[in-house]
Amino acid sequence: MKKLKSYYMQVRNQQQSLDRKWILPLAIGSICSLFLLLLTNLASSSGQTRLIPFSVYGFRSSVFVESKINPVSVSLTVSVSPPPPPRLAYLISGSSGDGQMLKRTLMALYHPNNQYVVHLDRESSPEERLDLSGFVANHTLFQRFQNVRMIVKANFVTYRGPTMVANTLHAAAILLREGGDWDWFINLSASDYPLVTQDDLLHTFSYLPRDLNFIDHTSNIGWKESHRAKPIIIDPGLYMSKKADVFWVSQKRSMPTAFKLFTGSAWMMLSRPFVDYFIWGWDNLPRIVLMYYANFLSSPEGYFHTVICNAREFTNTTVNSDLHFISWDNPPKQHPHHLTLDDFQRMVDSNAPFARKFRRDEPVLDKIDSELLFRSHGMVTPGGWCIGTRENGSDPCAVIGDTSVIKPGLGAKRIEKLITYLLSTENFRPRQCR
């Protein structure tokens, strides 16, 4: 993490560098003042010797005041504590038949200091949604920390239509209103799964500026211009009470000139300032772009990308990655391959914190649980906040300690490698909104 922290000290903007120039003179002045205070105390008229120990990292000396006073060893040490861990806000969404997998993903991602919104769309049966609702309401940890919410009034979600964007905006608005303080918003599906513990993720992101947005994007839309941008689609999920697939109208439209189109992955990790921006839309760009994408095929793969790359204040905050391991055809099709045990080592070697797409009860998930997350069946992923024992199959998180304690493992080193690569001179600025 020292390399990562050192790198970010270099990429801070000029104003921040200028603001820090007064720190060294202030520190020197403070030390001199304390030194004079020490001398004053040592030579006090009462004749009593009063010692005031103080410290500055890396400095040791002996102070002599008159020959009758013994040398005083002054150990000056400034303890540098690690930065506070961020708080993450997750949306985990699913459709019919995803209830059990959604629960598993939630348990694998759980940490008391994070916030979670879960959603099963209206294609799911009432029984499946009630089962998830009961699970959230009755889980001991969720009850105690009150940080898991379910969208009870379910939305229709069509992946290829704007209803998925609407659902993401819905969850983000709930988290802004009810989720308290958090730093990044992460949207996942029930088919996603973590490859690292939350302690690994929180530790690594402690050292990053909180305004970074991890979003895979490009303006080179290629074939998508003729197949997605120019055709006009209608998503019945916006106005019908039953789910139906999108349909096309005969007329086509020209490419927009009021803003530039971008495309990329539908999965992202967005900063709170950017989430505030696209929910509130104070310069109206997010609303204008949203209305345009209401008739755009696969709008989740373009809406947020187009907004962030056309909003001047956020363009330079983008990191061109979705932080996922995904196995695609070449050229990519609508959906990626389902991951299996054969993909396990490639997942680990990717250094990505998340992977998709998994089938329910795929054996590779058990391998991820045991070898990467150290999670037992039916339990949350343990972290530094879990101080119970594992004896006789006990849940270590049944006994809760300090929730601010983070104990990163090998997963943190893998994420650090990925982040260092993404923020290198060759990959960071040159790949922003191009």
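Residue positions begin at 1 at the first shown residue.
Cβ coordinates are placed from backbone N, Cα and C, and glycine is handled just like the others.
Here Swiss-Prot gives transmembrane segment for one range in the set 22-42, 169-189: that range is 22-42. In three-state terms derived from DSSP, Asn138 (N-linked glycosylation site) belongs to a helical segment. Checking each of the glycosylation sites Asn138, Asn316, Asn392 against Asn187 (N-linked glycosylation site) by C-alpha distance, the shortest gap belongs to Asn316.
A simple Cβ count within 10 Å picks out one of the glycosylation sites Asn138, Asn316 as the most packed, and that one is Asn316. Distance between Cα atoms for Asn316 (N-linked glycosylation site) and Asn138 (N-linked glycosylation site): 43 Å, as a whole number. Ranking the glycosylation sites Asn187, Asn392 by how many other Cβ atoms lie within 10 angstroms of each Cβ puts Asn392 at the bottom.
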